[in-house]
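Taken from Swiss-Prot as is:
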- 1-21: region 'Disordered' (REGION)
- Asn137: N-linked glycosylation site (CARBOHYD)
- Asn336: N-linked glycosylation site (CARBOHYD)
- 523-543: transmembrane segment (TRANSMEM)
- 557-577: transmembrane segment (TRANSMEM)
- 599-621: transmembrane segment (TRANSMEM)
- 632-652: transmembrane segment (TRANSMEM)
- 665-685: transmembrane segment (TRANSMEM)
- Asn762: N-linked glycosylation site (CARBOHYD)
- 777-797: transmembrane segment (TRANSMEM)
- 815-843: region 'Disordered' (REGION)
- 853-1096: domain 'ABC transporter 2' (DOMAIN)
- Gly889, Val890, Ser891, Gly892, Ala893, Gly894, Lys895, Thr896: ATP binding site (BINDING)
- 1192-1212: transmembrane segment (TRANSMEM)
- 1226-1246: transmembrane segment (TRANSMEM)
- 1273-1293: transmembrane segment (TRANSMEM)
- 1313-1333: transmembrane segment (TRANSMEM)
- 1352-1372: transmembrane segment (TRANSMEM)
- Asn1411: N-linked glycosylation site (CARBOHYD)
- 1464-1484: transmembrane segment (TRANSMEM)
Amino acid sequence: MSLLGTINPNINPERTVAGRGTQEEEGEIARVEHNHHNNAASVSTDETVLERSKEIGDEDVAVEEVTRLARQLTRQSTRFSTSGNVENPFLETKEDSTLNPLSPNFKAKNWMKNLLALSSRDPERYPKRVAGVAFKNLSVHGYGSPTDYQKDVFNSVLEVGTLVRRIMGTGKQKIQILRDFDGLVKSGEMLVVLGRPGSGCSTFLKTISGEMNGIYMDEKSYLNYQGISSKQMRKQFRGEAIYTAETDVHFPQLTVGDTLKFAALARAPRNRLPGVSREQYAVHMRDVVMAMLGLTHTMNTRVGNDFVRGVSGGERKRVSIAEATLSGSPLQCWDNSTRGLDSANALEFCKTLNLMTKYAGATVAVAIYQASQSAYDVFDKVTVLYEGRQIYFGRTDEAKEFFTNMGFECPERQTTADFLTSLTSPAERVVKPGFEGKVPQTPDEFVRAWKSSEAYAKLMREIEEYDREFPIGGESLNQFIESRRAMQAKNQRVKSPYTISVWQQIELCMIRGFQRLKGDSSLTMSQLIGNFIMALVIGSVFYNLPDDTSSFYARGALLFFAVLLNAFSSALEILTLYAQRPIVEKQARYAMYHPFAEAIASMLCDMPYKITNAIIFNLTLYFMTNLRREPGAFFVFLLFSFVTTLTMSMLFRTMAASSRTLSQALVPAAILILGLVIYTGFTIPTRNMLGWSRWMNYIDPIAYGFESLMVNEFHNRQFLCPDSAFVPSSGAYDSQPLAYRVCSTVGSVSGSRYVQGDDYLNQSFQYYKSHQWRNLGIMFGFMFFFMFTYLTATEYISESKSKGEVLLFRRGHAQPTGSHDVEKSPEVSSAAKTDEASSKEATGAIQRQEAIFQWKDVCYDIKIKGEPRRILDHVDGWVKPGTCTALMGVSGAGKTTLLDVLATRVTMGVVSGEMLVDGRPRDQSFQRKTGYVQQQDLHLHTTTVREALRFSALLRQPAHVPRQEKIDYVEEVIKLLGMESYADAVVGVPGEGLNVEQRKRLTIGVELAAKPQLLLFLDEPTSGLDSQTSWSILDLIDTLTKHGQAILCTIHQPSAMLFQRFDRLLFLAKGGKTVYFGEIGEKSSTLASYFERNGAPKLPPDANPAEWMLEVIGAAPGSHSDIDWPAVWRDSPERRAVHEHLDELKRTLSQKPIDPSKADPGSYDEFAAPFTIQLWECLLRVFSQYWRTPVYIYSKTALCVLTALYIGFSFFNAQNSAQGLQNQMFSIFMLMTIFGNLVQQIMPNFCTQRSLYEVRERPSKTYSWKAFMAANIIVELPWNTLMAFLIFVCWYYPIGLYRNAEPTDSVHERGALMFLLIWSFLLFTSTFAHMMIAGIELAETGGNLANLLFSLCLIFCGVLAPPQSLPGFWIFMYRVSPFTYLVSAMLSTGVSGTNAVCEPVEFLHFDPPSNMTCKDYMADYISTRGGYLENPSATSDCTFCTISSTDTFLSAVSSHYSDAWRNFGIMWAYIIFNIFAAVFIYWLARVPKGKRTKGST
C-alpha cells in the first residue's frame, strides 16, 4: 500500500522513529495502544517512563514515548487487523467519518493509522518500501567557463575560439560545489538543511535525490540508500528519490483536482486494497492529500500561472507539494518549498511531512531559508552548510549546544535555525566574551572543528553500523525490488522506474490532453475560426475560377497557397511544446510517465482539431474556387492536404524537441520554412532548379504534396483556350483558320482550341500522373521518420538548465573571481564582508530629509463586478525624518494598496482623505521626490549595477544639479550599500546573475540614487529572503534612518528580532481598517500594553510580538477573537491623540515659510530632466541593451543574411524568360516572408523594456512615455540600415538583377534605389511591429495579429493574384496593402528596360499561311503586341516568343519603373503612419489618464 512513501506495517524495530508530534497526538497513540495491550508489560513500561521523566527533560521523554509506542504498534500490528473497527476508507466511509477526506471531521492521523492497520493484515501483498540514505565523503563539482564575461555583439565573435576548445573537450574549468559531506538519515527521519542562499543547499538535495543535471559526484563519494547504490537508485528507481524545486510548474489550464488526480493515477500501485479500482484509489488519494494541505476548496479552480488566472501563489505552492506527495516516494527532498507560504502554513507543511515519516516510514530532507522555532522543532536532524562545506550534522536538539560550547552566543529571542545560519556570516555571528580568537572564522576552520568533534566521530560510527546493517546489494535491495514489483503493472519491465505500463501512460496523458483542451478551448477555437476566415479570404480572391487556360497560373498559385497553409498550420506547435517542456521533464523525473508517452498522447489529442481544421479549411477553399468538382478529386485533395499537415507537424515537433532553447529553434525553423516554400516546385519549377540545389526538392515533403495536388487538378482534363489567348489574334487574324494559330499557354498544340492538362503539367513542371500515389508513400515515409526522431528526441534531449547565480562582468571591467559554487559566487555573496568604515563614511553624502509626510482619514474605494468595495478605511499616520515605520497586517489587509495610494500610484478607483507634505498638499513632483522600493526586483537584465544607479540619478535628481555631481553621488550610494565588489556586475535575470540579496540592494540603491527629498517607501523588502539577508537589509534601513531618512516599510510576519528594529507600527486588519498606530516601545512594551489593556492575553516573554499580535486579533490560522479591534482603535484615546498631533502638524508646518535658498526652479515639474535628456539617456540604455543581447542581433543578422543568400542562390543568375521573370518576381515575394520572424524578434525586446518602464520607472516619474516610445522606435534604425545593406549584397547580386540595368546605363541609380526599398521594408517592419505591440500585453498575441495582417497584405499585393483578376470587392485591399507598392517598385527597379528571351519550352509553334514567311505573317501582331520570332524567314513551324521586353511582363502585373520613386515615397508615408499610430495606441491603451480623488491630497 503506498501513500507518500509506503504505509509500512513492518517498520524496522531497531531504528528510532522520527518526528515529535504534539502532546495530543502522543496521547491519542497511547490510548489506542492501551486499548490493545492492557497488560503488565505496558504498565511497567509506562512506570519506567514516568520514573525516567524525573531524570531527563520532557522533550526527550516525548521522543522515547513515541519511539516505544511505535515499536509496540509494529509488534502488535496483527491485533489491529483483527479489530472490528477498521474500515476500508476507499470504499466504506460515511459522510461525517474522520476517514472521509471530504468531511469537515477528517483527521489525517486517523486515516493513516487505519490504513496501517488494513495493510498489516497481509504483509506479503504490501511489502515495505523504505529508503534511508547514508553518505560519506560526498563531494560534487560542475564545469564552468574560466572567463565568463557578459557577451555583446563584438566579443561574441571572440567566443568562436572558446567554442572550438569546448568541442575539443578543453577550456572548461572544474568548479567544486560541495566538499566532503557525511551524514545519515534513516527511513522515518526528517532532516532540515540550513545555509545561506548559495551555500550548496539545492545542490546537496539534488545530489541525494539523484537529479544530477550538469553536476557530477567525485569518485570517492559514497552513497547508500539502505542497500541500494546511487547509480541503481538513479536509473532503476528514479521516482523513488525525488527533488522538488522551489519553482511551481503546472499546466495552467487544468484544475487543481485534475492535476492531482493525474499524479495519483500515474503512481497508482497494482497492490491496492481488494475491491479498489485505480480510479477509486486515485480519487481518494487526491482528496486525502488535498484535505491535508487545505486545498479541498480549490478542487475545480484552475491552477493558473503568471498569465492565466488561477489559484493564489501560496495555493499553487501547495499544489506542487501535493503533486510530489502523491508520487509516493520513500525519499523526498524539498528545496525551499515553504517560500511564498506564511509561517503558519509553513508549519503545517512541516507537520504533514512529520506524519508521513512517522506512519509511512518516508525519509525527508528539507531546505528552509526562514524557519520559525516551531517548524525547526518538527525535524529530527539538521545539517548546516557554509559555502559548500558541511559544518554540522546531527540531532536538532543538540545543534545549538554544539556551537554554544564552541564559544558562540545565541542572542535572546533568536530562533535556533537563525542562530545556526548566522554562524555562516562573519558580520552576524556573536562570540561569547573570553572566546575571541578561539572560535573558528573561515569555512575551513569550521570544518576542522566539526571533524575533530565527538559528535562527528559518533556520526561516523552510526554510518558504519548502518552500512553493516544494509550492505549495498544485500537483502534490503531485494525487499525494495519486491516492493516495487508489487506496485508495478503486470506487463511493466522489472527494471523500469515507472509504475504503470506504457499504454496506461499514453491513455492517462491523452485524458489530460483533452482536459487541457477543454480548460482552454479559446486558442483552438480562435485557430479554427482564423483558418476558416483565411479560407474565405483566399476563396474569394480566387472565386469561381473559369475552366479555361486563363486560370492555369491562378490554379497553380491557389494550390501552392493551399498546400502551404495546410503545411504550416502546425508551426505554432514549436511554441506550445516549449511551454509544456518543463512540466513533462519534472513529471518524468517523478517517474510518472515516459516523455515519449506524453508526446504520443499530444499527437493523438491534436488529431480531432487537425481533422476538423482540414475539413473546414479545405472544403471552403475547394468549392469556392471551382477546383475540380468531382467527388474523387475532392477526397484526394483532402487526403493529400491532411497528410501534408501531419508530416509537417512531425517535422516541427522534431525541431522543437531536438533544440534546448526556443531561440535555438526559431532561426533554423525560419530558414527551413523558406527552403520548403522555395523548393515546393511553384516559385521555381523543377526544370528551373539549379543542378546543385535540385536535391532540396527531393527532401521537401511539401513538394510531393504539391505535385500530387496539381496532378489531381489537371490530369485527364482539357481546358478551352479563350479567343484572346490565341497567337496571333485580333483584327484580320481572327478570321484565319485554327491551323495557323495557337493557344499561348505552355502545352498547347497548333490548330487545337483545347490544352491538355497533362501536357501543361509535363512541360511546365515535369509532373506526371504516375507519381501521384508514389508521392503519398514518400510522404508517409517522411511522416514516420520525423515521428521517430521526435519521440526519440523527446525522450533523451532535455531543456537547457540555468547556470545559477554566478556573477558576470562586462569585459575589461572586472576579472571574475573563480567561484566554487554553481549556485552563487561566495566571494560576493554578502555585503557583510564589505568595509563598514567606508559605508559609514558614505552616509555623510546621503540626502538628508527634513519634510514630514502625514495622512488623515485616507479611504480608497473601487468597483469590483459593479459593486463598490472599500479597500482602505479611514487610515491615519505620519512619517518623520530619521524614523522607520512598519506597516503590518494580515494578507489582503491593503498594506501595498496603502503604499500605492500614499505614493500616488493608483490609477483607478476613488481616493479620499488628506495627504500633506510639511502641511501642504502634494504637487505633481511628489512621485519623483519619493523613493518607492517595490517588492519585485525589476531591473533591465543587460545593465550593470553602476549603470542602473546612474540612470536613476541622471534622470530623477533635479536638473540644476551638475551631471558630474550626480555621478559622484552614485559612487557614494554604492559605498553605502556595500556594493563595490559587484558594482560592475551585470544584473542578469533572476536565477542567473545577481542573487536575491544583491538584487534587493540594487532596488533600494536605484531609489536612493534619485536623492528622494521627501521619504522612502519599501514594500516587503525582506519577502522571499533568508533570515540573514533580511537582517542585513534591516541593517541598511537602520543606517538610512540614522541619517535622517524617513521610511515607511511593509513587512510580512517578521521575526521577534527584526520587529524590534522598527520605531513605529501601523497595523491594519481586513478591509484596510486600522488596529493600531503608534510607538512599538522597548521589547514591544508600548504595543503590548495597548493590546493587553483592551482585553488581549499577556505577551509571553519568549513569544514573537508580530505573531502574537495576529493571534490576538484572530488573523492567524486557527485563532479567533471576539473583540472588534478596529472599533476598539476608533474609540481609543490613542487615536484621539494621533488626530490631535496631525492637526498640530498641519497648523505649524503650513505656516512655516519655504526657504528661498533651497527653492529649485524645476521643483514642481512632473519630470526632473528635460525631454531631450530623457530621450538621450533612454536611447543610450536601449542601444546598450541591444548591443549586449548578441543573441537578438545575431539572430536578426542570421535571419536576414541566410534568407537573402538562400533566395539569392536559389534564383542564381535568373534568366529573363517568361518563367525567369516570374521567378524574379517570386524572389522579391519570398524576401517579404522574413517579416513575421523579424516581428517575433522585435516584440519580446519591447515588452521587456515596457514592463520595466510601466511597473517601476513610470510611477516614479523617471522619464515620460514619449521618450520611452521614441527611444524604442529609433534604436531599430541603425540595425535595420545594417541589415538592409547585408540583404542587398547577399540577394541583389546573386540573382543578377544589376545586369538588367546595364542596357539603360542605370546600374548605380537602380542599385541605390533597390537598397533604399529594402531599407524602407525593414523600417516598415520594425515600426509596424511597434504599432501592433504598443497596446497589447503579450508578445505572442501581438505577433499573431501582425502575422495575420501581413498575410492579408501579401495575398493582395498583386503577385499571387494580379489586380485585374481580383473580385471588385477586394480591389481596395490591393490599394491599401503597402506591399503592393513595395513589390511593384522592387520588381520594376530590378527587371525593367531590358530584353526578354524565351526558354525552349515557352516558344509557340504554328505554321504560317502558304506562300508567307513567318515574319510576313506576324509583322502586324508583333508591332501591336510585341514578341519576337526565332526563325523569321521560315515558311513553316514558326517559333514565336510572346514577350520581347521585360516591360511587357511588368505591365501585365501593373508595375512600371516610372512609379518606383513614387512608391518609395508611399512606403515612407506608411512608416510615418506606423510611428504616429504606435504612439497614439500606446497613449490610448496604456497611459494612465488620471484618477478621481476627493478631499485634499
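Along the chain as shown, the residues are counted starting at 1.
For all residues, glycine too, the Cβ spot is worked out from N, Cα and C.
In this chain, the transmembrane segment (1464-1484) lies apart from the transmembrane segment (1192-1212): fewer than three C-beta pairs between them fall below 8 angstroms, excluding pairs fewer than 6 positions apart. Same-chain neighbours of the transmembrane segment (665-685): 556-557, 559-560, 563-564, 567-568, 571, 574, 578, 651-652, 655-656, 659, 693, 696-697, 700-703, 706-707, 764-767, 1195, 1198-1199, 1202-1203, 1206-1207, 1210-1211, 1219, 1223, 1226, 1229-1230, 1233-1234, 1237, 1240, counting only residues six or more beyond its ends whose CB sits under 8 Å from a CB of the stretch. If you count C-beta pairs under 8 angstroms between the transmembrane segment (1226-1246) and each of 523-543, 599-621, 1352-1372, the highest count goes to 1352-1372. Within the set of recorded positions (Asn137, Asn762, Thr896, Asn1411), the lowest number of other Cβ atoms found within 10 Å of a Cβ is recorded at Asn1411. The Cα of Gly889 (ATP binding site) lies closest to that of Asn336, out of the glycosylation sites Asn137, Asn336, Asn762, Asn1411.
Within the same chain, the transmembrane segment (632-652) stays apart from the transmembrane segment (1273-1293): fewer than three Cβ pairs sit under 8 Å, each pair at least 6 residues apart. It is Gly889 that, of the recorded positions Asn336, Gly889, Val890, Gly892, has its Cβ surrounded by the most other Cβ atoms within 10 Å.
A C-beta separation below 8 Å, combined with a sequence spacing of at least six in one chain, links Ala893 (ATP binding site) to Leu1068, Ala1069, Lys1070, Gly1071, Gly1072.
Cβ atoms under 8 Å from those of the transmembrane segment (523-543) belong to residues 517, 554, 557-558, 561-562, 565, 569, 572, 609, 612-613, 616-618, 620-621, 624-626, 1348, 1351-1352, 1355-1356, 1360-1361, 1366-1367, 1369-1370 of the same chain, restricted to positions at least 6 beyond its ends. Note: the Cα of Thr896 (ATP binding site) and the Cα of Asn1411 (N-linked glycosylation site) are spaced 100 Å from each other. A Cβ distance under 8 Å defines the sequence-distant neighbours of the transmembrane segment (777-797), meaning residues of its chain 6+ beyond its ends; these are 584, 594-596, 598-600, 603, 640, 643-644, 646-647, 650-651, 653-654, 657-658, 660, 701, 704-705.
Within its own chain, the transmembrane segment (1192-1212) is flanked in space by residues 153, 156, 663, 666-667, 670-671, 674-675, 678-679, 684, 690, 693, 1186, 1223-1224, 1226-1227, 1230-1231, 1233-1234, 1237-1238, 1241, 1245, 1279, 1282-1283, 1286-1287, 1289-1296, which lie at least six positions past its ends and keep a Cβ under 8 Å from the stretch.
With respect to Asn1411 (N-linked glycosylation site), the closest of these recorded positions in Cα terms is Asn762, chosen from Asn137, Asn762, Val890, Gly894, Lys895. Among residues of the same chain six or more beyond the transmembrane segment (599-621), those with a C-beta under 8 A of the stretch's C-beta atoms are 506-510, 512-514, 516-517, 524, 527-528, 531-532, 534-536, 538-539, 558, 562, 565-566, 569-570, 573, 577, 580, 637-638, 641-642, 645-646, 649, 653, 657, 787, 790-791, 794.
Residues 1179, 1182-1183, 1186, 1193, 1196-1197, 1200-1201, 1203-1205, 1207-1208, 1227, 1231, 1242, 1311, 1314-1315, 1318-1319, 1321-1323, 1325-1327, 1330, 1390, 1475, 1478 of the same chain sit 6 or more residues outside the transmembrane segment (1273-1293) yet have a Cβ under 8 Å from a Cβ within it. If you take every residue in the domain 'ABC transporter 2' (853-1096) and average the pLDDT, you get 87.
Distances between the Cα of Lys895 (ATP binding site) and those of the glycosylation sites Asn137, Asn336, Asn762 are shortest for Asn336.
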